[in-house]
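Read through the structure below, which is laid out as structure tokens, and then see the notes.
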Amino acid sequence: MTISNTRPITPDLIASHGLKPDEYERILNLIGREPTFTELGIFSAMWNEHCSYKSSKKWLRTLPTKGPRVIQGPGENAGVVDIDDGDCVVFKMESHNHPSYIEPYQGAATGVGGILRDVFTMGARPIAAMNALRFGSPDHPKTRHLVSGVVAGVGGYGNSFGVPTVGGEVEFDARYNGNILVNAFAAGLAKTDAIFYSKAEGVGLPVVYLGAKTGRDGVGGATMASAEFDESIEEKRPTVQVGDPFTEKCLLEACLELMQTGAVIAIQDMGAAGLTCSAVEMGAKGDLGIELDLDKVPVREERMTAYEMMLSESQERMLMVLRPEKEEEAKAIFVKWGLDFAIVGKTTDDLRFRILHQGEEVANLPIKELGDEAPEYDRPWTPAKVPSPLATNDIPQADVADTLLQLVGSANNSSRRWVYEQYDTLIQGNSLQLPGGDAGVVRVEGHEAKALAFSSDVTPRYVEADPFEGGKQAVAECWRNLTATGALPLAATDNLNFGNPERPEIMSQLVHAIKGIGEACQALDFPIVSGNVSLYNETNGQAILPTPTIGGVGLVRDWSKMARIRFAVADETILLAGAPKSWGTHIGQSVYMRDIHGRTDGPAPHVDLAHERKVGDFVRGLIGDGLVTAVHDCSSGGLALAVAEMAMASGIGATIAAPAEHDAIPVFYGEDQGRYVVTVANGAVETVAARAKAAGVALPVIGRTGGDAVKLGDARPVSVNALRSAHEAWFPNYMGGDLAPDN
């Protein structure tokens with residue numbers, strides 16, 4: 001099928017391109033005439049939510065994005081942060097939600113491919129990947145099929161490309177039944193004096209197309225990613241791109257080789273809206289026009305129209321502004337790697353975006369208004385509604401030991417081994433901590449002691465209950481997970497997944513979550529350096545849980561002192577850093593209430609950022625001085641789940657006392673923030689206690705390691721083997737069932 005280049009512009013056609021009547025009026029006023037069909041497609045791609053951030057830009061500007069280590073914040077392909085010694089880490093997280101629901105394998109695979117390109121476009125070699133996945137209820141007929149396809153797609157692309165997957169999340173909730181989330185993170189290493197940007201410079205310079213050929217896959221993908229779903233979703237399958245990780249690996253090597261020659265003035269990967277977005281962004285950032293001749297674009301399908309070529313989202317492609325004298329040298333590199341190299345246009349001084357096809361001018365538009373001066377909205381939002389606290393007599397009871405077994409074997413708290421064993425976690429040979437701990441850790445090649453830690457976090461049920469506190473908590477938990485390895489948290493990337501921003505109650509979630517994220521990042525010196533917004537995650541008016549995923553990076557100065565979650569040996573002292581007087585108090589929005597009693601009421605836990613910082617800095621100091629033997633942050637499932645995970649990771653049991661005269665349920669299952677379980681060798685307990693007192697950090701002794709069971713207070717002991725069996729069984733049992741019908 002080919003799309004005609006001369007279709008009449010009708011209200012239905014305008015609406016099908018995701019443009020509102022007032023936006024179309026704005027186009028008419030801007031260009032003084034009716035747009036051509038190709039121009040309509042270009043406006044649709046550049047002015048949609050996915051490319052323009054028109055609903056969120058106002059609020060994103062409020063986030064803290066600067067810091068002493070920040071080399072490049074938001075606005076480029078990825079953020080860049082200094083990690084000393086002339087090295088920097090380049091990273092970003094981005095969603096591929098809508099495509100992954102329609103076509104799970106290719107949607108997830110190209111999500112990984114896209115984020116890897118964002119990183120190596122900046123001149124960095126990718127060293128780590130993570131993915132945060134959210135699926136519908138396990139008993140929904142599509143869920144198993146989607147899990148299987150997405151996990152295979154993530155693994156298939158990342159493994160073949162050759163980047164280790166070191167962390168991530170997998171969560172189930174009925175609110176994702178119609179819209180799953182696939183948030184992909186990648187990080188790479190570069191030299192601080194060799195970072196490449198997308199801003200075009202110089203007039204009359206060649207614009208070069210690099211990589212794979214252009215096909216019809218993904219035409220209209222960015223527009224599809226900015227729309228709600230309805231019953232016609234299956235018809236959108238052709239808008240999903242198809243990826244080839246081996247071509248991408250060649251593209252990586254060719255780009256890095258080319259970058260060493262001094263030939264590259266500006267470079268931009270072709271992601272959402274393909275050739276359109278990459279050309280417009282390069283030109284608009286550099287205050288230059290761009291002229292493209294589509295007859296020179298390498299294609300793999302016959303009779304492609306200008307519309308299709310401009311909006312194709314074929315993968316593994318780059319656009320570059322090149323030094324003309326380096327043309328032959330550059331071409332030789334790409335030919336060597338078996339990739340296309342074609343001069344498809346030039347930079348101009350007239351701020352116009354001109355497209356030529358078969359001798360005709362099919363588009364001539366103002367480039368700034370397409371790019372950095374696209375429409376921006378201040379959408380209405382409602383005041384936040386926060387649930388009232390639970391009454392003290394409204395904490396339902398359950399057997400503490402039975403609850404522990406039930407939770408470790410539940411859909412959302414069980415082992416994710418089935419998932420991450422499909423990913424290559426060790427490729428490149430630098431992985432120090434694998435999925436299953438608080439954070440993934442990767443050695444920095446060329447340095448004896450330096451490593452980087454990575455974590456991805458958000459608790460959507462908290463954000464739903466209180467978007468402001470939930471936004472704070474996502475940042476705080478990410479910061480805490482990095483700290484728990486001994487890393488100094490450096491910076492973060494945010495992936496904001498929400499429903500339809502035209503609904504004031506959804507816009508309210510987005511606004512308050514961003515406010516919470518900003519406040520936490522400010523307080524924790526954890527700036528946001530890159531990110532992505534995914535809106536319209538709704539099907540038939542049912543929105544997802546608000547899910548502002550935070551991906552963070554931390555610096556480990558000496559990985560030989562790095563902490564892990566597993567108990568080291570028996571007969572060590574267990575302490576709870578940052579504990580309130582009764583160790584745990586907050587049961588609202590806990591997994592205990594949700595998974596044991598089916599209740600989702602009550603407020604989200606409060607995040608005291610000063611407390612969070614004080615306790616985290618204290619724990620990191622203990623790790624750096626070699627005074628603790630294991631560390632694990634307390635999050636979902638509270639103290640009980642944290643201790644159980646430490647026991648399961650090591651095979652060593654634990655006996656935990658219980659503070660007298662306090663209800664055991666909030667003590668063990670409360671989800672108070674800013675707490676870490678730490679173990680200390682007996683000879684170091686006094687030193688650690690003295691340091692805690694000096695720092696003003698609560699550090700009660702709560703128990704001892706040893707034995708082959710976990711005993712919580714007066715509850716019966718539960719053997720580590722029983723916990724492991726329950727923990728490891730859920731995922732393989734679920735996925736081993738007959739595949740649910742794909743309908």
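Just so you know, the numbers here start at 1 and follow the chain as drawn.
Glycine too: its Cβ is placed from the backbone N, Cα and C atoms.
Here Swiss-Prot flags H50 as active site. Classification of H50 (active site) by DSSP places it within a helix.
Annotation source Swiss-Prot lists active site, proton acceptor at H96, citing sequence analysis. Sequence-distant neighbours of H96 (active site, proton acceptor) (same chain, 6+ residues apart, CB-CB distance under 8 A): G107, A108, T110, G111, G114, V182, A184.
The ATP binding site annotation in Swiss-Prot covers Y53, K92, D494, G531 and is backed by sequence analysis. There are 27 other CB atoms within 10 A of the CB of G531 (ATP binding site), with all protein chains counted.
The feature Mg(2+) 1 binding site is assigned by Swiss-Prot to E94, N532, with sequence analysis given as support. E94 (Mg(2+) 1 binding site) has a Cβ environment of 24 other Cβ atoms inside 10 Å.
The Cβ of R117 (substrate binding site) lies under 8 Å from the Cβ of N77, E248, L251, D269, G271, E316, M318, each of these being in the same chain and 6 or more residues away along the sequence. Among the features that Swiss-Prot reports, substrate binding site is placed at S95, H96, N97, H98, R117, Q241, E313, S314, Q315, S534.
According to Swiss-Prot, the Mg(2+) 2 binding site annotation covers D118, D269, on the basis of sequence analysis. The secondary structure of D118 (Mg(2+) 2 binding site), as reduced to three states from DSSP, is helical. Every protein chain shown contributes to the tally, and the Cβ of D118 (Mg(2+) 2 binding site) ends up with 28 other Cβ atoms within 10 Å.
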Neighbouring C-beta atoms (10 Å sphere around the C-beta of Y53 (ATP binding site)): 20
Spatially closest candidate among K92, E94, D494, G531, N532, the listed binding-site residues, to H50 (active site) (Cα to Cα): N532
Residues Y53, K92, D494, G531 binding ATP per the record - widest CA separation, whole Å: 16
From Y53, D118, N532, the binding-site residues whose CA lies within 10 Å of that of S95 (substrate binding site): N532
Number of other Cβ atoms within 10 Å of the Cβ of N97 (substrate binding site) across all protein chains: 24
C-alpha spacing of Q315 (substrate binding site) relative to E94 (Mg(2+) 1 binding site), in angstrom: 16
